[in-house]
Each structure stands twice: as C-alpha cells, then as structure tokens.
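Participant: So TrEMBL has the following annotated:
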- A:10-139: domain 'Response regulatory' (DOMAIN)
- A:67: 4-aspartylphosphate (MOD_RES)
C-alpha cells in the first residue's frame with residue numbers, strides 16, 4: 001500500500017478553537033509529513049512568530065490554516081499584516097470558518113486578488129484535507 | 001233802412017269780443033269782427049275780397065271745406081300761424097247760417113286762440129310719454145282704485161308684470177288673489193284695508209304668482225287721494241323687483257356661504273393689505289391667537305408674533321406683493337408672543353382689485369404641529385426600528401456563527417469517531433465531544449442572556465442611588481480587588497440617583513470594574529476612578545482606569561461586539577461589554593468608550609432620565 005504523502009517543512013495553524021486545531025492536525029496525518037507545526041490562538045501571536053522567523057532567517061511556513069473570528073487579531077487583520085511583510089516564499093493559506101456571512105466571502109475574494117500567496121476558503125465542517133490543499137500555484141513565478 | 005240796419009249790424013259785429021266772421025255760400029267774406037281780421041292779418045279795407053275757402057285751404061290739409069259746409073252741420077278745424085317769435089294755435093268753428101226760411105245763406109266762422117291749450121296738451125302728452133318710457137325702463141307700473149265706482153285700473157306695465165293681456169280688467173279681489181298665498185296675500189289684504197279705512201300709505205315688498213304661474217317679487221305702493229276728508233281714490237305704483245331680489249338673495253347666499261366656509265374651515269385664513277396689516281381674519285385665526293377679530297384687524301405681525309417670525313412673514317408678504325406670485329404650501333414655524341411654537345403649512349396668494357392691481361394678499365395656514373410631531377415620532381420609530389433590525393441581523397449572525405462552529409465541530413468529531421479503530425484515540429475524541437457539548441451549552445446560555453435583555457420590554461426602572469450601588473459592588477468584588485491591589489476612587493455624589501433596573505445596574509458596575517481589573521497594566525498599580533454627572537436629560541456615569549488601553553481606531557467598532565476580545569487574557573470571554581451595552585440600551589441609554597493604548601480606558605454610561 002502506497003499512500004502519497006506530502007512533505008511540508010513548516011506549517012502554522014491559527015485558530016482559537018482547540019477542537020478545530022485537533023481536527024486539522026488529525027486530518028493532516030494521512031496526507032502530510034511535517035515536523036514543524038505551530039499552533040496560535042490568534043492572529044497577533046502568529047504575526048509575531050512570523051516576524052521572528054523572518055528576522056532569524058528560519059523557515060517560513062509553507063501552509064497556514066487560518067480562522068477568521070479570533071480575539072485580539074482576527075484572520076483578516078492577520079492577512080493584512082502578512083501581505084505587508086517582505087516574504088519571498090510562496091505560502092498556501094486555507095481560511096477555515098464556520099461563518100456563512102456573505103460579507104466574509106466577499107472579503108475573501110478581495111483579499112485573494114491582492115494577496116501574493118495562495119488563498120483558499122473553506123467552510124466548516126471539514127472532514128478531510130487533500131494534498132491539493134497544501135500546495136497552490138505560485139502566480140508570481 | 002236796410003243800409004242803416006246793415007251799418008248797425010256791421011258796427012255791432014265789428015265789436016264782437018269773440019273773433020267772428022260771416023261768409024256766403026261761395027266763401028266770400030261778408031263781414032268780420034276786428035279781432036278776427038287781426039288773427040288772419042287782413043286789412044279792414046281789403047276784407048271784402050277775401051274768400052274764406054281759399055284762406056283756410058292753405059291751413060287745412062285733406063279737407064274740402066267748401067264741400068263739408070254744404071251739409072248744414074258745423075265743423076271745427078285747428079290751424080296755426082307761425083311768426084318769427086312764436087307759433088300760435090287757433091280753432092275755427094264753422095256754423096251754417098240760415099235766413100228766415102231756413103235757406104242756407106253761408107257760414108259763421110268763430111276762431112279762438114288755443115295756443116295755451118295746445119301747449120298744455122303737448123306738455124301732457126310729453127309727460128305721459130315720459131311716464132310710459134320710465135315705467136317701461138324701470139318695470140314700474142301703476143294702478144288706481146276708484147272708491148265710488150269700485151273700479152280698479154291697471155297700467156300696461158302693471159298688466160305686463162302680472163302677465164295678463166292688455167284687455168284684462170281686474171277687480172280688487174282678483175288683484176289680491178294674485179299675491180302668493182300666505183304672508184304676501186295676508187299682508188296686501190291688510191294694507192289695502194288700512195289704506196281704505198285709515199288712509200295709511202304703504203310700500204311693501206311682496207311675492208305674486210303671475211297669470212302664467214311664475215312666482216315673482218314685486219314692490220307695491222299705495223297712496224290715498226282725499227276729497228273733503230273722504231278717501232275717494234287710491235293710487236300707487238307696482239314694480240317688478242324680482243331680478244333685484246333674486247340677485248340680492250344670491251349675493252347674500254354667496255356671502256353667507258363664503259363666510260360659513262371661511263369661518264368653519266379648519267385653516268387659519270387672513271387677508272392683509274399692502275402694509276401687511278390684517279383686514280380680515282377667520283375664526284380659526286382668532287382662536288389660534290386667542291384674540292377677538294376686532295383686536296386683530298389693522299394689526300401687523302409685529303403686534304402679534306415674535307419679532308423674528310414677524311420679520312420672516314413680512315418678507316414673504318413683500319415677496320408676494322413684488323412678484324405677484326403666490327407662495328404655496330411653505331412649511332413655516334410661528335412663535336406667538338407667549339412663546340408658543342406652531343408648525344404651519346402656509347400659502348400666501350396675491351389679492352387683486354377690480355382693475356387687476358394688487359391690493360393685498362390672502363393667507364392660508366394649516367396647523368401641522370401634530371402632524372410634525374407624529375412625523376418626528378415616526379422618524380424616531382424608524383430609527384429605533386432600523387437600529388433594532390441591525391441588532392437583530394447582527395444577533396442572528398452571531399447565533400448562526402456560534403451554533404454553526406459548534407455543530408461543525410460535532411460533525412467533524414463524529415466523522416472521526418466513526419472511522420477510528422484505535423480505542424485510545426476514540427476515547428480522546430469522545431472527551432473532545434463532551435467538551436464541545438459543554439461549550440455549546442455555555443454559548444446557548446450566553447445567547448439566552450442576551451435575548452432576555454432584548455425581549456424584556458417592560459423594564460421596571462426605579463430611582464437607584466448610584467454611590468451606594470458602587471459601594472455594594474465594591475464589597476462583593478472585594479476579593480478580586482484586594483488580590484490585585486486595586487485602588488478605587490468613588491467620586492459619585494452621595495445623593496445622586498439614576499433611573500435604572502436594579503439587576504442591570506449591578507451588572508453594569510460589576511462588568512466595568514472587572515473589565516478594568518482584567519485589563520490592568522502590569523507596570524502600574526491599578527487605579528479606578530468612578531464619577532457621575534447629572535445633565536438635563538441624563539446622568540453620565542464614568543469608569544476610568546489606568547490599564548492597557550485599547551486602540552479604538554482599530555477596534556472601535558468591535559469593542560461592544562459579542563465574543564470580541566482584544567487582549568491576551570484567559571478570563572476574556574468577549575461577553576461582558578456586549579451584555580451591558582444591551583442592558584443599557586434596553587433602559588434607553590447608551591455607552592461610549594475613550595481609550596489610549598497603555599494609558600487607560602474610560603467608559604461613559606448615559607442613563608436616560610427622561611422616561
């Protein structure tokens with residue numbers, strides 16, 4: 001039995017809901033090998049960590065799972081910060097939300113147009129993570 | 001003898017006082033009095049050459065005098081003589097003249113000067129003509145009653161008014177029967193009786209029914225003529241005044257209609273002259289200003305209203321007078337001398353005289369104060385409704401989002417559980433499920449709390465002492481406050497009360513205090529300053545801290561949102577501010593926040609003291 005596994009160097013999960021974080025980690029297991037998965041409860045923590053990594057020249061996460069509604073700094077503000085950062089590497093971002101507010105979807109499509117990284121939108125509940133969710137075509141290259 | 005006699009006769013004849021002449025059958029003048037010869041300008045010497053037929057033929061037309069005189073009857077003719085100064089009229093009578101044996105010998109001519117008679121006749125004729133013309137023009141007829149013969153005479157015009165033919169011969173009872181049954185007939189009967197018995201003249205407006213059945217208004221007048229103290233005749237005029245009466249009635253009716261309309265229409269109506277002085281006011285205008293019409297006529301707006309209002313009104317008047325164009329349906333505010341406000345919908349219309357020149361204006365004002373108030377209430381209600389609606393939509397999103405996130409977790413975890421073989425992992429998943437279930441319940445409780453606040457329409461508010469309530473909360477939170485070494489400065493006036501719901505007030509104070517403690521700065525000793533200020537319609541209750549502060553530019557729109565937390569604090573649930581905002585709004589108040597990062601935050605609660 002040969003299952004195609006994706007090798008990911010570094011990955012961020014930004015979500016304040018421990019159950020969702022548990023779910024994402026569990027669903028990643030069959031499709032991905034990653035030794036560096038970091039969890040953040042809100043956007044601010046993730047931004048700080050990212051800045052740190054940039055400064056220290058550490059690995060920039062290839063994939064980010066991002067919740068929208070979080071305290072202190074929500075998903076949108078996180079994206080805003082991310083776009084303003086000087087990151088050469090291409091990142092695949094999966095926005096995971098239980099929101100069915102059409103405004104959120106609209107916001108996402110606006111961000112998608114100006115974000116240099118891959119930006120996906122996934123409505124909860126999710127049951128499976130595909131390998132395709134972990135990579136996206138780098139439009140810049 | 002014959003000659004003597006003749007001379008004597010001649011001499012006698014000559015002196016006859018009445019102008020007389022004799023002619024034979026052939027018309028030859030035989031003899032004449034001097035007066036007669038004078039009339040015809042005949043010299044006495046030439047008198048014997050005159051033929052009277054020739055003499056008269058020039059004066060009388062269409063008459064063969066000679067032939068007429070042959071039948072032995074007398075004839076009279078009129079003739080006239082014109083001189084430079086005057087015209088003289090004469091009447092000559094021709095009588096046959098016989099001898100002893102009844103043989104026609106000739107004719108005796110007697111001539112009278114009738115100039116004065118003819119002049120009188122002409123005058124009478126003219127007077128009659130004038131009377132007739134007048135009576136025709138004025139529709140005035142006349143009548144006359146002869147007491148002795150009991151004969152009633154009606155003039156042509158009188159008959160015309162009665163619509164009877166010229167041949168009609170009235171009597172008194174018939175004449176009275178023409179009057180309309182009831183008042184008119186009774187009145188004329190009485191008046192006729194009185195004039196006949198006491199000689200009382202009358203002049204009365206009455207109604208008749210004409211021969212053709214038309215009802216017409218007439219003016220009947222009567223006067224007695226007395227002879228030796230006895231009433232012998234009664235005469236008078238009879239005038240058709242129907243059109244006049246009808247026109248008057250119509251005018252009066254129109255006036256009445258206009259008056260009734262102007263006075264009873266629920267609009268303020270006034271007429272002003274070019275100096276903006278009132279020349280007419282209706283009842284509504286009088287009632288509005290609480291004055292009698294005579295107190296307002298001749299007054300200008302400056303006498304009746306606030307000076308500024310009066311000036312605006314005068315400017316409007318001048319505009320109408322200058323442009324001749326009406327101002328229609330303009331919303332105005334009127335302030336009376338006593339300061340009472342009224343909203344009006346005012347129109348000002350130029351008023352022209354008969355020659356089309358402006359001589360004032362008509363003003364019509366509708367009191368729309370009540371309408372305006374309703375409009376304001378409605379607008380208020382719409383605002384409240386739209387705010388409520390926004391809140392509801394917001395709340396629906398919150399609910400759906402919160403429930404969705406939990407249900408999504410359930411679905412996901414259940415899916416894992418079904419596919420999981422590892423017993424230990426299964427146990428782990430089950431633990432997660434029960435955690436998810438607890439959080440769902442907690443969320444539902446929170447949402448319920450919010451719904452309770454928003455559905456509690458009939459809040460019982462009572463005056464609560466703010467200072468005492470702060471102290472009470474301070475005591476209940478003493479453990480928390482002491483642990484964090486919080487200094488509380490309560491500056492609230494000990495007598496100040498706010499109108500609030502007791503449990504909400506507690507919740508508001510608790511939340512604001514715990515919030516201040518939660519977001520304290522680790523670099524400073526926490527100080528919370530509590531103050532309250534009474535304003536006209538509300539009390540501002542403020543809670544200031546020296547804590548972390550919050551970037552309001554960034555989060556301003558969200559700080560009172562549900563499940564919004566802005567600090568990395570384990571106790572933060574993002575519920576407190578949302579709940580108290582709802583509680584404050586439910587009591588008709590509001591809450592605002594001022595903050596500076598790393599300096600502190602001030603929350604201002606506005607308690608509505610109006611209702």
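Glycine is treated like the rest: Cβ placed from N, Cα and C.
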Participant: Taking the domain 'Response regulatory' (A:10-139) alone, what is its mean pLDDT?
Facilitator: 88
Participant: Per DSSP, how many helix, strand and coil residues does the domain 'Response regulatory' (A:10-139) have?
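Facilitator: Residue counts in helix, strand and coil order: 52 helix, 27 strand, 51 coil.
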Participant: So if I measure Cβ to Cβ from the residue listed as '4-aspartylphosphate' and keep only same-chain residues at least 6 apart in sequence, which ones fall under 8 Å?
Facilitator: A:14, A:15, A:16, A:17, A:20, A:75, A:95, A:96, A:97
